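Novice: Got a structure for you, written out below as structure tokens; questions coming shortly.
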Amino acid sequence: MQDTAKYLVHADITADGVVERSDVVGAVFGQTEGLLGDELDLRELQDASKVGRIDVEIDSENGQSFGRITIATSLDRVETAILGGALETIDRVGPCRSAIEVRKIEDVRSAKRREVVERAKSLLDGAFDESMRSSRDLVEEVRESVRVEDITDYEGLPAGPAVADSDAIVVVEGRADVLTLLQYGIKNAVAVEGTNVPEAVASLTETRTVTAFLDNDRGGELIRKELGQVGDIDYVATPPDGKCVEDLARHEVMSALREKVPYGRFKQAASDDADPEAAEQRTGEAAGATAADSEPAATDGIGGVTTDAEGKPVSSPESPAESPAADETAAVSAGTTPADAEEAAVDGATKTSTAGEEPNTPDDELTATSEAAEPGSAETKGESTAAEAPESSADGPAAAGASTDEQPKTLRGHVSDVIEAETGTFRLLDAEFAPLAAGDAGDVFEAVADAETVPAAVVVDGEASQRLLDIAAQRGIDHVVAASTGEFVKRPTSVRVRTATQLLNPEKA
């Protein structure tokens, strides 16, 4: 009956005396018999399984009894309510007066519905965690599988598929960083996986253009410092503050790589941040040098030649504001062509950039020496100073005869000695175009790679190959002059490459 019951009738009973359970059951059947007719008689309803067992719980205390009566029924709501009203007509249980009050009629189906709701909640919370997945999860899983398939190993380290063949690589911290870059189409990344830089990565950086793309935390700083000691870093890229490389969006990755800076400049900026007093001192020294150079000198009025306090001719430095038109005018007045004046300015230039500066230095930023700026100064006074010797040796026959054993002091002079003379050799020159090393043209690559002092220029009586240009760019060389040039797959922007013809005879080039 409990399985088919629709309603439960809950009633409270009190009696003025001590009664037993059997007394209560007998009173229920006896006092309701014939009260509601045959169709609603309790015995008939029990026989028809429309009313279940009558449950009675009774207790006695201080000469009184009290308890609860529960009757299960499958009748409809109206008949159940009539049955509840009939129970309240019972006024005696055994020899004692009593009172019965129906407390509530419970809908069993409602109780079952509550159980169903509670169970459904628990199932919804736990049963679907593993089986139900959103479309975003599915897309991410497929994308991750593709990225994992693309990642390869380089000497046991996570790397993109293009690391082995690419002439430029991106060094990152871990496997997750490589996966992030792969997702955005960057396939030449290799991970060091820890603060101890592997020898494979250190060796790889010596022959490739290297960009260190590491986090801005302590670990990234240590890796960058060690990589700069055991390997060769060309550029440094950093993620936005507070973010790791593996968490960057596509536009953040591309922006960081576009805004990479040369390693030397990055180190200088880092040292300035660590020691602001030294940076301020360097700034003051530079300002003082500029002020000293800008002091006006006296003019003797003869041919516009500038003289110092002792009356000796001095050449004024070229003004930064001079335009190409002014250069051409000066060249014509000195009896030379504009092209010759431009080449003389390049030959007498002083190397101002270091290995850590921005490689894309325009040619017009090379500052010509005072001798190239005023070739007629010595002729006007009839005397020549030691500082004017480089230009005089290239253009003045008298100066050339004075010391035939001296090395040329200009790039043109070295090109004439090495390439025009068809010596089959090379020369490495410093910033003042003084020779650092020389040898057979076939050994120029090894000489550049092993040079203790980084040369400013290379003059070789042979072909300027892609291999030579790559090592020149890595070492920070500004000029390469060769007898001929080969086919270049990638021409470095930091190295100015010319043939001897282009330098000595630009009108024939």
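The backbone N, Cα and C atoms fix where each Cβ goes, glycine too.
This is the feature table in Swiss-Prot:
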DOMAIN    167-253  domain 'Toprim'
BINDING   E173, D215  Mg(2+) 1 binding site
BINDING   D215, D217  Mg(2+) 2 binding site
REGION    267-411  region 'Disordered'
COMPBIAS  313-331  compositional bias 'Low complexity'
COMPBIAS  383-402  compositional bias 'Low complexity'
Novice: Between 0 and 100, where does the mean pLDDT of the domain 'Toprim' (167-253) sit?
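Specialist: It averages 90.
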Novice: In the structure shown, with every protein chain counted, which of the binding-site residues E173, D215, D217 has the densest set of Cβ atoms within 10 angstroms of its Cβ?
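Specialist: For the binding-site residues E173, D215, D217, the Cβ with the most other Cβ atoms within 10 Å is E173.
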Novice: Where E173 (Mg(2+) 1 binding site) and D217 (Mg(2+) 2 binding site) are concerned, what is their Cα separation in Å, rounded?
Specialist: 11
